[in-house]
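Peer 1: Next up is a structure, given as structure tokens.
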Amino acid sequence: MSYNSSNSGSGRYDDNRSGNSSYSSTSRGGSSYGNRSGSDRDYNRDGGSYNRDSSRDYNSSSGSGSGNGSSSYNKYPSSSSSSSSSSSTSSYGPSKGKDFQDSWGSSSTGTTNGYNGSSNGYNSSSNGYNSSNSSSSYGASNNGYNNSSGSSSSGSSGSSNGGSYNNSGSSNSNGYSKPTSNYSYSNGYTGPTTNYSSYSNGYSTPPTSTSTSSSSTTTTTTTTPSTSYNGGSTSYGYSTSGSSNGYGGYSQPPIPSYDPSSVSSYGAVTPASSSYNASVPGSSYGNSTYRSSGYGNQSYATTNSYGSSSYGSSGFYGNAKANTGSFGSALSPISWDLSKLPRFEKNFYLEHPDVSKFTQEEIEKFRASFQMTVKGREVPPPIMQFTQAPFPGYLMKEIIGAGFPNPTPIQSQAWPIALKGRDIIGLAKTGSGKTLAFLLPSIVHINAQPVLREDDGPIVLVLAPTRELALQIQEETNKFGGTSQISNTCVYGGASKHTQVAALKKGVEIVIATPGRLIDILESGKTNLRRVTYLVLDEADRMLDMGFEPQIRKIISQIRPDRQTLMFSATWPKEVQALAHDFLTDHIQVHIGSTEITANHNVRQIVEVCQDFEKKERMLSFLGSVGRDEKVIVFAETRKGVDDLQRVLQFSGFKSIGIHGNKSQPERDFVLSQFKNGMVPIMIATDVASRGLDIKDIKYVVNYDFPNTIEVYIHRIGRTARAGASGVSYSLLTTDNARLANELIKVLTEAKQKIPIELSNLSVTPSTSSNTKKFSPYPTYSKRY
């Protein structure tokens, strides 16, 4: 039975495949989007791809296999014998693939106990593929090594799943003979440049009693193992049969997404006990050359050391442990000793002479004009013009080139606070310029810190609730941080973790991350947050709404407590207040707009009350009244609702596209690209797109399904009328939304919007008496319902 995959199609999403029960599939896609049959969309995800370019994913280094990326799949291998061609070439995993670069082991001519390359493949796991001829590959899995869902190895007694080969009788107690030349890895699993041992794929064989018959071309060995290859272990990398420090050296379950660098084992880049920057022991990090000679050609922190005496002295490096508990439980809070931490500079503010001349009356008048309120001690005056901002010349050039007339209200007050090194809480509506409010001061902060070394963590960490918002922040970072040669990376779920980890390993000054993926990487020990001195929590209220509070607290426990922290939020609920109380020090609060929940006054709000079955007709009627090229976001409550509405709109002649959490990251990127570029004017979305999408020319927002809270309603309609533009929101309410009617009326009243009589009727609280008929806002048509 062969596993063959070919792809002769082209186009961005060539997923026209058939079948999912066979091990053979063919893609002949054109440029159609998302047309699939079967369930093989799940076979084409990050890591362990089943159905990518098979010429590189499977057996691309095969010797005498069927070629062109095909190899046979031996489901029922012999448990007692194996044969190997004298010219066999076996590879462990793909030679080239999305997450793999090198073959695991080199071939060995004439060997007798080859793990792969035998006539009877060893493994029958769902992700393992072995050739019945001399060319074979052990296969890839989602974790970059043998998935432990298959059957046990050939010749093993009592082994379970996976592919770790350790035994008490091998030449090396680690279960693997030490490589004779450099060991390199990618995603933890690419291998030595020469064999690990004398065996065909570098594996020490278990003790055997052997009878051998040879010919000029083959050697057949009958093996009776005295111990099992796996020794009963159930996951890759375990050593339970006499090995004290096997490949991974685990005496406890390893971290999922196994990587040797996360523990003290062969091939580890930095053992868990190594000190921070131990590659240059005792070196004075404080005397390093600062980028651009620091801020204003000054130097800072010329004392203390980042070498062996400071960071790392507690023995932690990323605090990676076995993931034996709930998500994030492997991260232990660090007990920080501030007296041993190297100093860092965070006050760079040089007040412009024009700002110094402002009278208190002028300052109060400026703040009042934007409904700005500030709380805290020693609040610096706002910056009213870009020329008054104390940014370096290269940043000013970028700002002027962007064509901004003046700072937004939040920027005018946040910049001097942030540049003074103070903690800040910024409360402002969406589309108010919060990203640049924290980004530009962060660039100044970075340029005054010691330069990064390899394997250092970031200096600036920005946490965002969604990958869309994280990517938008990265886009702004690339625009304004490029001239200063500041590097950044974006860490979020749904994309290749290997690529993200590789960027972190090189060293980046700014990391923009969603909490879940960052926790995952921290637990695996691939990076650390010991260099972070500038922390940003963007859309903090949204992160708490999404349940990220435990992850946020875990992440902050890994950051030195004397950092500078900036928190931005559109609302100020008690949960956000509690978070600010716990993690901000001597902060200044800046609130733009009313302290009540209010909507953008530039949005014309249209509200209609109807029955549920009327909603589609009313939506289509409204969309028919707007220009065909105008950008519209339609919000639905569920993923199924998004897909259903897309079909309805397409059938009705409206060009539309949908986005929700079930779509892969490439699909979501494609949808956003089509919508941003105007190729598709209507985007249907769940609330995954209701926050952080910075698309400035959205004219209309349609609430097909009214949200569960007024806060979400305000965030949704905030997608339009950004950066001073005007927009329109159109919302459909049913009797199911009656509990929100009073709050909605308050929002409409504050924004001086028209209140329909049906909404007023809906806001009347019906009697709870059992004799009271069901309330309806439609007295004229009540008999019809």
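Including glycine, each Cβ sits where the backbone N, Cα and C put it.
In case it's useful when we look at the structure, here is the feature table from Swiss-Prot:
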BINDING   ALA428, LYS429, THR430, GLY431, SER432, GLY433, LYS434, THR435  ATP binding site
COMPBIAS  1-11  compositional bias 'Low complexity'
COMPBIAS  18-37  compositional bias 'Low complexity'
COMPBIAS  49-95  compositional bias 'Low complexity'
COMPBIAS  105-177  compositional bias 'Low complexity'
COMPBIAS  178-191  compositional bias 'Polar residues'
COMPBIAS  192-233  compositional bias 'Low complexity'
COMPBIAS  764-774  compositional bias 'Polar residues'
DOMAIN    415-590  domain 'Helicase ATP-binding'
DOMAIN    602-763  domain 'Helicase C-terminal'
REGION    1-233  region 'Disordered'
REGION    764-785  region 'Disordered'
MOTIF     384-412  motif 'Q motif'
MOTIF     538-541  motif 'DEAD box'
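Tell me what's around each of these sites.
Peer 2: For LYS434 (ATP binding site), the same-chain residues lying six or more positions away in sequence with a CB closer than 8 A to its CB are ILE410, ALA414, GLY426, ALA428, ASP538, PHE568.
Here the motif 'Q motif' (384-412) has, by DSSP, the following mix of helix, strand and coil residues: 17 helix, 0 strand, 12 coil.
Remote same-chain partners of the motif 'DEAD box' (538-541), defined as residues 6 or more beyond its termini with a Cβ less than 8 Å from a stretch Cβ, comprise 434-435, 438, 462-465, 469, 473, 567-573, 575-576, 579-580, 691-692, 711.
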Peer 1: Across the motif 'Q motif' (384-412), what is the average pLDDT of the model, as a whole number?
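Peer 2: Mean pLDDT for the motif 'Q motif' (384-412): 89.
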Peer 1: Using a 10 Å radius around each Cβ and all protein chains in view, which of these binding-site residues has the most neighbours: GLY431, GLY433?
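Peer 2: Answer returned by the neighbour count: GLY431.
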Peer 1: To test your reading of the ATP site: which residues beyond ALA428, LYS429, THR430, GLY431, SER432, GLY433, LYS434, THR435, same chain only, put their Cβ within 8 Å of the Cβ centroid of those residues?
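Peer 2: Other same-chain residues near the ATP site: THR408, ILE410, PHE568, ALA570.
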Peer 1: Measure the Cβ-based neighbour count of LYS429 (ATP binding site), defined as the other Cβ atoms within 10 Å of its Cβ.
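Peer 2: Taking all protein chains shown, LYS429 (ATP binding site) has 20 Cβ neighbours within 10 Å.
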Peer 1: According to DSSP, which kind of secondary structure is GLY431 (ATP binding site) found in, if we only use helix, strand and coil?
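Peer 2: Going by the DSSP assignment, GLY431 (ATP binding site) belongs to neither helix nor strand, so it counts as coil.
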Peer 1: Test of understanding: give the count of other CB atoms lying within 10 angstroms of the CB of ALA428 (ATP binding site).
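Peer 2: ALA428 (ATP binding site) is surrounded by 24 other Cβ atoms within 10 Å.
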Peer 1: Using a 10 Å cut-off, grab the number of neighbouring Cβ atoms around the Cβ of THR430 (ATP binding site), all chains included.
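Peer 2: Around THR430 (ATP binding site), other Cβ atoms within 10 Å: 21.
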